[in-house]
Amino acid sequence: MTTSTTTTTNIMLQVSNVTNHTLNSTEIYQLFEYTRFGVWLMCIVGTFLNMLVITTILYYRRKKKSPSDTYICNLAVADLLIVVGLPFFLEYAKHHPKLSREVVCSGLNACFYICLFAGVCFLINLSMDRYCVIVWGVELNRVRNNKRATCWVVIFWILAALMGMPHYLMYSHTNNECVGEFANETSGWFPVFLNTKVNICGYLAPIVLMAYTYNRMVRFIINYVGKWHMQTLHVLLVVVVSFASFWFPFNLALFLESIRLLSGTQNETLQTVITFCLYVGQFLAYVRACLNPGIYILVGTQMRKDMWTTLRVFACCCVKQEIPYQDIDIELQKDIQRRAKHTKRTHYDRKHAPMESGEEEFLL
């Protein structure tokens, strides 16, 4: 009985060590005290960029919105939840110290893992949608529509909430640590299962699927199409590379932690590496959520134009512009001329366009 009790105690200590370094609310709160200005600055920048993406899609692209736009919009929503969630949860912890740590523990884990799995689903569907447009073209236009994309989005959010449920329902704040509460029968293998699930479903599987679709699209464009779709591939390549790079330290730490749990060793050097990788990985995940819209701005030409147009429209709404009475006729004539030129240009582009009308997506 003594040996069994000692073994169970050792297993629970190992589980506590794992969960202590997975979004440890106490240690994150201590870091927040030193980097409070930087966290709020990144929150403001990330909120502005993600809201700009969402506004551009919902306002500027509302009439010609494509399934890709729907996935990008929800990806921005997932990033926005991560960006806004962290500083507000930590501010709540500062002003409500009695109940705050329990809320921070569950809240940060919920935002982090739900948005992680939801963002992965949206990235995969975004790559698959681009693959269908480039490789299959008009053959899948009946299947590929906004109603189906909206249904997929709802399914993905529900699936992300279910997949992330063990990460925030089974964690609680105990002895100033955010630890997992597992039964004795599952305390040995369930943390390893959670880490492996994140490694496979949240990192390896998306990279393999996105790399496969990207490879097929590149080969198809080089052999059969032309270079007008290369802008889309540039954006997708940057998105895939940034996803793999920013999430690598976090998933590496989970993988090393699973190995340490299975082997049962207590190596201080390995534990230090795991802790460092987890902190770096969580920081990079927050940075990526803030700067992910910048990828579309820097690489996507059409995205940059649409976002700039949205900014100008809202700037004109905020600043009242008055046209003198004698210039109204002149302005109307100029507007009629611009509309006529735009109609002729649109007719010419549709006639000589290298791709079917309606295939130019928000991502280009």
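Cβ coordinates come from backbone N, Cα and C, glycine included.
Pulled from Swiss-Prot, these are the features on record:
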| type | residues | note |
| --- | --- | --- |
| TOPO_DOM | 1-36 | topological domain 'Virion surface' |
| CARBOHYD | Asn17 | N-linked glycosylation site |
| CARBOHYD | Asn20 | N-linked glycosylation site |
| CARBOHYD | Asn24 | N-linked glycosylation site |
| TRANSMEM | 37-57 | transmembrane segment |
| TOPO_DOM | 58-69 | topological domain 'Intravirion' |
| TRANSMEM | 70-90 | transmembrane segment |
| TOPO_DOM | 91-103 | topological domain 'Virion surface' |
| TRANSMEM | 104-124 | transmembrane segment |
| TOPO_DOM | 125-150 | topological domain 'Intravirion' |
| TRANSMEM | 151-171 | transmembrane segment |
| TOPO_DOM | 172-188 | topological domain 'Virion surface' |
| TRANSMEM | 189-209 | transmembrane segment |
| TOPO_DOM | 210-234 | topological domain 'Intravirion' |
| TRANSMEM | 235-255 | transmembrane segment |
| TOPO_DOM | 256-279 | topological domain 'Virion surface' |
| TRANSMEM | 280-300 | transmembrane segment |
| TOPO_DOM | 301-364 | topological domain 'Intravirion' |
| REGION | 344-364 | region 'Disordered' |
> Taking all residues of the topological domain 'Virion surface' (91-103) together, what is their mean pLDDT?
Replying inline: 64
>> Give me the DSSP three-state residue breakdown of the topological domain 'Virion surface' (256-279), ordered helix, strand, coil.
In response: 20 helix, 0 strand, 4 coil
>> Are there residues at least six beyond either end of the transmembrane segment (37-57) with Cβ under 8 Å to its Cβ atoms? List them, or say none.
In response: 65, 69-70, 72-73, 76-77, 79-80, 83-84, 86-87, 90, 286-287, 289-294, 296-297, 303, 306-307, 310-311, 314, 362
